[in-house]
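Annotated in Swiss-Prot:
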DISULFID  Cys42-Cys84  disulfide bond
DISULFID  Cys45-Cys86  disulfide bond
DISULFID  Cys53-Cys87  disulfide bond
DISULFID  Cys75-Cys90  disulfide bond
DISULFID  Cys98-Cys111  disulfide bond
DISULFID  Cys105-Cys131  disulfide bond
DISULFID  Cys227-Cys261  disulfide bond
DISULFID  Cys272-Cys283  disulfide bond
DISULFID  Cys285-Cys306  disulfide bond
DOMAIN    38-134  domain 'IGFBP N-terminal'
DOMAIN    224-306  domain 'Thyroglobulin type-1'
REGION    198-226  region 'Disordered'
SIGNAL    1-35  signal peptide
Amino acid sequence: MLPRVGCPALPLPPPPLLPLLLLLLGASGGGGGARAEVLFRCPPCTPERLAACGPPPVAPPAAVAAVAGGARMPCAELVREPGCGCCSVCARLEGEACGVYTPRCGQGLRCYPHPGSELPLQALVMGEGTCEKRRDAEYGASPEQVADNGDDHSEGGLVENHVDSTMNMLGGGGSAGRKPLKSGMKELAVFREKVTEQHRQMGKGGKHHLGLEEPKKLRPPPARTPCQQELDQVLERISTMRLPDERGPLEHLYSLHIPNCDKHGLYNLKQCKMSLNGQRGECWCVNPNTGKLIQGAPTIRGDPECHLFYNEQQEARGVHTQRMQ
């Protein structure tokens, strides 16, 4: 847990595990047991990096507007910078906007997309989430219970572990009493389960379970779109990845491009690399049907405003064409 105001100044602990599932935050919950698992960690916070952080920040002006004289007050709570940052920033309070690249939410809070959002991941990337009280049932449990829940290998345990580890990046500090993962190899398995479930859901033609339908009524699965095929290839590469040690440097993942597909299996206009060392990944614009780079669109660490470089009236994202194939 990070030190609060009023406590003695302590060096920040090493950055938490940077979850591999950041790009798949909005994917449907997956099930199934995990096989091979690898843990990915942020680079350690060296004394040089900590020394470069400077003095603790103060609350923003809006938070102290009611204070007489407008004096800048210390933050109500200090949290680490987004991603793998080592310095302290003011935590976001309940009801404040949050996202992947914004300061984390305070203790007991998490960053959630708005209910009913069709693209929850995109909302979090754009900083359009909201800091709300944690919804998971294990919050407030004893450290022993939390640790036991964290080691659960059931379907719910896998999903909850993913949400917890991901929200440690987006929300408040993690559970101080949580035991370290015994195998040190859970994140990659959860990632594969999530990606598999994501494109499995995109490939479904209906809401009925196969086991409840007559065999004669079953239809062959629709053809995989280029974006879904690329997801398959990424899964295959990760499943055969052999790392020099169980820590798995983040650079191994950063070299992989995980395609951002929409609910129809087409490419989203904006594609981005993962963040690394607290630095926002590059983003670029692609054709939603082919995934190819749109000529003239920039590649920047921010929003390239892809809608300005793609004529939707001409191609209309090819949704009807894809459905007819």
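Sequential numbering from 1, following the chain as shown.
Every residue gets a Cβ built from N, Cα and C, even glycine.
Recorded features from Swiss-Prot, shown on the structure.
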{"residue": "Cys53", "record": "disulfide bond", "Cβ neighbours (10 Å)": "16"}
{"residue": "Cys75", "record": "disulfide bond", "Cβ neighbours (10 Å)": "21"}
{"residue": "Cys87", "record": "disulfide bond", "Cβ neighbours (10 Å)": "17"}
{"residue": "Cys111", "record": "disulfide bond", "Cβ neighbours (10 Å)": "27"}
{"residue": "Cys131", "record": "disulfide bond", "Cβ neighbours (10 Å)": "25"}
{"residue": "Cys227", "record": "disulfide bond", "Cβ neighbours (10 Å)": "25"}
{"residue": "Cys261", "record": "disulfide bond", "Cβ neighbours (10 Å)": "23"}
{"residue": "Cys272", "record": "disulfide bond", "Cβ neighbours (10 Å)": "22"}
{"residue": "Cys283", "record": "disulfide bond", "Cβ neighbours (10 Å)": "21"}
{"residue": "Cys285", "record": "disulfide bond", "Cβ neighbours (10 Å)": "24"}
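Of all the disulfide-bonded residues listed here (Cys45, Cys53, Cys84, Cys86), Cys84 has the Cα closest to the Cα of Cys272 (disulfide bond). Residue counts for the domain 'IGFBP N-terminal' (38-134) under DSSP (helix as H, G, I; strand as E, B; rest coil) come to 18 helix, 22 strand, 57 coil. The Cβ neighbour count for Cys45 (disulfide bond), using a 10 Å radius and every protein chain shown, is 19. Once Cβ contacts within 10 Å are tallied over all protein chains shown, the disulfide-bonded residues Cys84, Cys86, Cys90, Cys98, Cys306 are led by Cys98. Among the disulfide-bonded residues Cys75, Cys86, Cys227, Cys283, Cys306, the ones whose Cα is located within 10 Å of the Cα of Cys53 (disulfide bond) are Cys86. On a Cα basis, Cys45 (disulfide bond) lies 9 Å away from Cys84 (disulfide bond). Among the disulfide-bonded residues Cys75, Cys98, Cys111, the ones whose Cα sits within 10 Å of the Cα of Cys131 (disulfide bond) are Cys98, Cys111. Of the candidate disulfide-bonded residues, Cys105, Cys227, Cys285, the one lying closest to Cys90 (disulfide bond) when CA atoms are compared is Cys105. Between the C-alpha atoms of Cys75 (disulfide bond) and Cys306 (disulfide bond), the distance comes to 37 Å. Looking at Cys285 (disulfide bond) and Cys261 (disulfide bond), their Cα atoms lie 13 Å from each other. Looking just at the domain 'Thyroglobulin type-1' (224-306), the mean pLDDT is 80. All protein chains included, Cys105 (disulfide bond) registers 29 other Cβ atoms within 10 Å of its own Cβ.
Each residue contributes its Cα atom, and for Cys283 (disulfide bond) and Cys227 (disulfide bond) those atoms are 17 Å apart. Mapped onto three states, the DSSP output places Cys306 (disulfide bond) in helix. In terms of Cα distance, the disulfide-bonded residues that sit within 10 Å of Cys87 (disulfide bond) are Cys45, chosen from Cys45, Cys98, Cys105, Cys227, Cys261.
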